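First the structure, in the form of structure tokens, and then the observations on it.
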């Protein structure tokens, strides 16, 4: 591995300048420029038409829903929406690029000049300026067979064009300076903020692990914020929050080392490696890289009417940041407590649960605890969990009314997650209800005291805290269904 | 030759409607003539005898069953080889696409099929439609039926020759800088470039997308009008396709009387009537204008200064688009794939080798020119400046059409030249498109109609109309045709016919 400078030293000696390009795949029914289905996971080369295959004679037609989604994103990022914008051809060769040019937007993007506020874990807000958001099409996917799985040394390569032509919006930031030692955190928080916005807007499933959201990280170091910008590298296609944080950290430390040793940074694209969080040199990329952009002659300009844009603006949902602030005030809980609900989807579900009658604290606890862990294990999203906000509200109701204690509620929830029915049904089936019948408890306490004479001795000798062991014993014999408070009361009454 | 083949498409349609002939008879006559003379003329790259006869039989059966059929149902048609037909070889006159069978139909082909027109085959063309003589076809040049030592025009020489040699009554071509009109001019046929967007480009293998337009090739103005009616109309698969109602072109032409041009203002483009035009061409052009004047038209001189730069602008914009449109021909997915003889087989090297072997000289010339024109250091000076000229041409034409109804010019500066005469002189070849190019730059319609003979070779008369006024263009063309007499019909099938 390349030698790296300590992170603290990089921060001490340099001013990092960060720029991020985020690609998001839009969740439209069909592709950007043709009627092929926009779906994930089908057999290779089945979701194609002559146009998405770049067949001779085929022509593109702009997907109106993709334009609508791009406008939504632009508005959510406080951008101006172009009155007229054009597509351009970006000419370059790559085997998974069907036409050997990508239909994109160059100097006339659909949205430009915006900003978004990014909240860090400690509540610090960093405003990120957005230069532009433009529409383009995705490429297909190469897989290299034989050798290491990379193109070098492969026996042959296969190309799957199912993804070719999937609509993308690329969001480009202006440089995010003055991040000091927090560049890695800012980068991850920024992409997380965008991911939450995409989900709230329902323009994309925004699943990082599927590559629905990918970030290219531009990073350079300079001596002071007053110095001219340094040479940057672009780390391509980073697609998890951890990876983003690691990639920025690694590049800061690597560039820091090169510069402190008196070396120069090569302008290049770099690959990120999940295994060890490092980056390695990809293609050298000079500013002379010539894509020979020119207006796409096969497409007429896109001119979204002002009425349409206003309609879209009116229809925008409450954005995650705003919602978080509102709920924080309404529920009177701290920012720290809300911090778990970093993703917009969780926030929506918790809000729905509260609306269904749960307390904010309980709703938050169940969704970010047991249910989130379950989803993690199953590899599914929160909204795919086999439990609804109404179920969770019902569960909380059972706790509130004293029918369940925390431990029984957990068991009831496990039952619901296992498909045994609503919490009430699970309670009935498993006989989970709390035992508060006095005579039954009196008897259980007697049995426990008889079985634990040493503990009884200790309590008699003044060690009141030993009563806990008796409570535990009672809970055990009642399989957790006893009302723990009541048990303690009865025990204490025996020593009065 | 079968008597049938000398008739016009509309006459044949009438005969079929009256039950005097069948489509199978006509289609077989067409196929027989192609079989007999294509070895000499080389108008066809592929003939689909089975498919054409199957369509013909189907039409005959439907007609016998009393079904209501389209106006041109049963009339055989030839298709330029840059329009894709599902399952039929499509080469664009290039080695690059040899062996490729398109998996889909161009929209115009769907329309032709729906109209019940038997497709007899694909016609020869300059490689990827780049050229003015069909000498750049990878499959040998097409011969001009009027004189087999002469070029049939380009790039649509195959379609023009097929119609001119009575192999088919109708054909489709594509016109990027004059590739329907100039071949029409030198083979004595009617060639039409409709208003840009009037006919779908979906399935036309693009040469220069912003200039390309599919259009009819016929022996008479009325036949061309009827065919344009069949192929026109909005297409959701082509975003540049116009969403306007298709005029009843055939009826419009049918109603043209001798006095149709009376009171019309006809503009002669100063810049396109002087130097560089062959004396015989100029004489026939002037005689035609005189006849229009005699018929009551008001003839005025119009100056269109931007026309002087139109050719230069065209030869910057066209190759720029060509360089991008040709990029998909990379040996990866269809057509020719050539691997390097030595060294590693990488994607880049396969692409380079395939293109090296697959593309001919003119295509390579234009790719290199276009790449240069679009490169970042040259973009403004070349592409940017050319786009400005394009705007000026549009403006000049708009202004001219505010003063006159139509503009007229000779279609090409000369009659058909001899093979080899200009093949090594690209600039001389490019000059052939001088008069036809402005319409492509402006997106306006243009039509070439035979107006006379110069030393035994046909001369074309070009009519330019405002955008969306294809109807007016057809009317004037019908008047010109009436005054000149039928020229295409007189193609003196010479020595090749007796072979």
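Using the three backbone atoms N, Cα and C, a Cβ is placed for every residue, glycine included.
Annotated active site, charge relay system per TrEMBL: B:80, B:155, in sequence order. Residues annotated as active site, acyl-ester intermediate in TrEMBL: B:179. Summarising the annotation, TrEMBL assigns domain 'Amidase' to B:25-471.
Annotated features, which come from TrEMBL, shown on the structure.
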| residue | record | CB count, 10 Å |
| --- | --- | --- |
| B:80 | active site, charge relay system | 32 |
| B:155 | active site, charge relay system | 36 |
| B:179 | active site, acyl-ester intermediate | 36 |
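Averaged over the domain 'Amidase' (B:25-471), the predicted model reaches a pLDDT of 95.
Cα of residue B:179 (active site, acyl-ester intermediate) to Cα of residue B:155 (active site, charge relay system): a span of 5 Å. In this structure, residue B:80 (active site, charge relay system) is part of a beta strand by DSSP.
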